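Listed in Swiss-Prot for this protein:
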- 64-135: domain 'KRAB' (DOMAIN)
- 247-269: zinc finger (ZN_FING)
- 275-297: zinc finger (ZN_FING)
- 303-325: zinc finger (ZN_FING)
- 331-353: zinc finger (ZN_FING)
- 359-381: zinc finger (ZN_FING)
- 387-409: zinc finger (ZN_FING)
- 415-437: zinc finger (ZN_FING)
- 471-493: zinc finger (ZN_FING)
- 499-521: zinc finger (ZN_FING)
- 555-577: zinc finger (ZN_FING)
- 583-605: zinc finger (ZN_FING)
- 611-634: zinc finger (ZN_FING)
Amino acid sequence: MQEVVLLDESSGPPSQLLWTRQDTQLPQESALLPAPYPAFTKDGSQGNLPQADITLMSQAQESVTFEDVAVNFTNREWQCLTYAQRHLYKDVMLENYGNMVSLGFPFPKPPLISHLEREVDPCVQDPQDRESLSCSYPVSADKMWPENEKASSQQEIFENGEAYWMKFNSLLKVDSRDPKVREVCVQDVKLENQWETSIREKLREEKEGSEEVTCKKGKNQKVLSKNLNPNSKHSQCNKVLIAQKLHECARCGKNFSWHSDLILHEQIHSGEKPHVCNECGKAFKTRNQLSMHRIIHTGEKPFNCTQCGKAFNSRSALCRHKKTHSGEKPHECRDCGKAFKTRNRLCMHQLIHTGEKPYKCNCCGKAFQFKHSLTIHGRIHTGEKPYECEECGKAFSGSSDLTKHIRIHTGERPYECSKCGRAFSRSSDLSKHKRIHTREKHYGCPQCGKDFSIKAELTKHRRIHTEEKRYRCEECGKAFRHNCKRRAHEREHTGEKPYQCRDCGKTFQDKHCLTIHQRIHTGEKPYKCLECGKAFSGKSNLTNHRRIHTGEKPHKCEVCGMAFHHSSVLRQHKRIHTGEKPYTCSECGTSFRQGSALIGHKRVHTGEKPYECEECGKAFRVSSNLTGHKKRKHQVWSTHELDGSRKSLSPVTVSQTSVVSILTSA
């Protein structure tokens with residue numbers, strides 16, 4: 001059985017020769033279709049072809065069937081094709097069949113089409129029945145269509161046929177051991193190159209003209225070129241050999257070179273998505289888009305990076321990845337000069353300068369600059385949280401939120417400050433931290449004049465003036481100014497402690513508490529008192545310490561009027577009036593007002609004495625007992641009251657005579 005491929009394009013180079021293929025052994029990296037061969041000029045003449053070829057072209061008198069535009073493969077040849085090539089083959093065959101049906105050709109549905117529609121590999125021939133690739137005789141156009149339909153049918157099928165040939169020409173390569181076939185193919189390339197060169201030269205000569213040239217064929221008028229001299233012989237329809245963008249969209253006026261591109265474009269206006277994925281039900285405008293989508297379900301990644309070996313499921317993703325190695329950023333913003341690897345990233349960035357927010361939420365009316373942001377925001381209304389942590393089961397609405405959360409478990413901090421070396425788990429935290437070094441404070445409070453380096457901090461601060469507490473606990477009704485405080489409070493009800501120390505395994509309800517705790521292991525004390533030089537691991541500890549120097553006691557008991565430096569001390573003091581003892585020992589049932597007192601009491605049962613004197617080696621259950629021991633036995637003092645003012649000093653060891661002399665001088 002012979003397989004015939006008919007390919008032509010009325011607006012392209014001179015018509016192409018019809019090839020038949022008789023099968024031969026196929027090398028592993030070759031395919032079967034030859035390149036197009038010029039046979040007809042625009043006016044239907046046979047151009048500058050050898051006489052032997054013209055004789056061959058006059059012998060075929062067959063009518064067109066689907067087999068004339070079909071290509072079959074053997075099992076061996078089919079295995080040589082990649083995943084993408086197989087789907088491209090299916091796309092072309094189905095589109096060929098659809099176009100022939102739309103033109104009214106009377107023939108039953110071929111078995112090949114039935115197999116393709118059922119997603120079954122196409123039927124193939126045995127390799128024994130296939131001999132060699134040879135150049136066959138072209139079919140006469142007079143016998144292909146009835147006389148009254150020849151012009152319109154031939155024009156349309158050829159226009160579509162060229163688009164299909166362009167697809168296959170990139171997919172399939174010529175393979176032939178026949179010297180005659182190879183010679184004809186070489187002649188084809190030479191003629192086509194000469195044709196393109198001559199056209200470019202003639203268009204360059206006629207470039208000074210500006211009048212629009214049109215070609216009238218029947219009822220249709222199509223623009224051919226806008227840069228031809230109206231007096232030139234090339235302005236005549238039958239002498240113009242190349243047409244630019246013949247196919248125009250009736251809705252928006254956009255022009256296309258190929259009829260198939262116009263059909264795909266029209267689906268944008270209609271919103272039609274005829275190609276549906278059988279796995280997930282997602283619809284696509286083109287079969288090629290569906291084919292690329294199916295790779296997601298199969299997990300296949302046919303496109304590999306030659307430098308690092310990383311695989312991708314699309315060629316575009318591979319191209320974007322390659323720019324990572326080269327560092328190339330060809331797309332530059334005209335406003336700020338920032339460069340990007342892809343044009344899509346540049347377009348997204350430019351929305352920052354324009355302030356445009358084209359994506360609007362239908363539920364609440366909030367607008368966003370990026371479609372991805374709108375998608376994540378929409379999950380607030382739907383309650384959808386598709387991204388779940390495998391370690392703790394917590395779910396998130398965005399993949400980036402899950403990535404940040406996972407770093408809590410792994411302890412990863414990829415963002416490091418170049419000035420002080422401090423690392424952060426989020427890039428936004430690093431950006432905020434850098435303002436400490438630059439001392440930038442762009443955001444000022446209009447009520448008290450206090451400046452802030454971060455806008456979010458100013459927003460939180462202004463709630464102090466308004467006394468707004470918008471975040472309310474659903475369990476007890478307690479209200480908070482900040483959402484993070486409410487979340488931390490809710491964990492007191494649930495008992496959840498999601499933040500774990502990697503060094504000792506201790507867990508915390510609040511991330512801030514974990515950060516301060518980790519400084520115990522690292523010895524880091526970033527907050528230093530400017531008056532006495534004492535350093536602290538937490539900012540709140542420094543704030544409380546400063547009140548020793550200032551004598552400030554802002555936290556006052558409403559019952560007895562006693563004032564305290566710290567709010568936690570006031571809470572503990574209030575329990576004296578209420579008699580509350582919330583901390584109970586599970587061993588003996590004894591209750592305590594303070595959690596630290598319970599911890600010290602538990603060591604009575606366990607016998608643990610973690611506080612050891614460096615001088616004599618004596619150990620104690622509570623740190624206060626060790627402090628008293630040092631004062632009594634070793635004269636180690638931590639604080640002194642001189643001249644009626646209380647000053648904080650670092651612990652020092654002094655002799656008995658030194659203490660007496662200090663007190664005497666006072």
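Every residue gets a Cβ built from N, Cα and C, even glycine.
Remember, predicted model here, so these are calculated numbers, not experimental data.
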- Message: Would you say the zinc finger (471-493) and the zinc finger (499-521) are in contact under the rule of three or more C-beta pairs closer than 8 Å, pairs 6 or more apart in sequence?
- Response: yes
- Long-range neighbours of the zinc finger (359-381), counting only residues six or more past its ends (CB under 8 A): 348, 351-352, 397-398
- Top stretch by Cβ pairs under 8 Å to the zinc finger (583-605) (candidates 275-297, 303-325, 471-493, 555-577) is 555-577
- Item | Contact check, the zinc finger (331-353) vs the zinc finger (387-409), 3+ Cβ pairs under 8 Å, seq sep 6+ | no
- Message: I need to check the long-range neighbours of the zinc finger (275-297): which residues 6 or more away from its ends have a CB within less than 8 Å of a CB in the stretch?
- Response: 83-84, 87-88, 90-91, 94-95, 119, 264, 267-268, 313-314
- Task: Six or more residues out from either end of the zinc finger (387-409), which same-chain residues have a Cβ under 8 Å from its Cβ atoms?
- Result: 376, 379-380, 425-426, 498-500, 511
- For the zinc finger (247-269), the mean pLDDT of the predicted model: 80
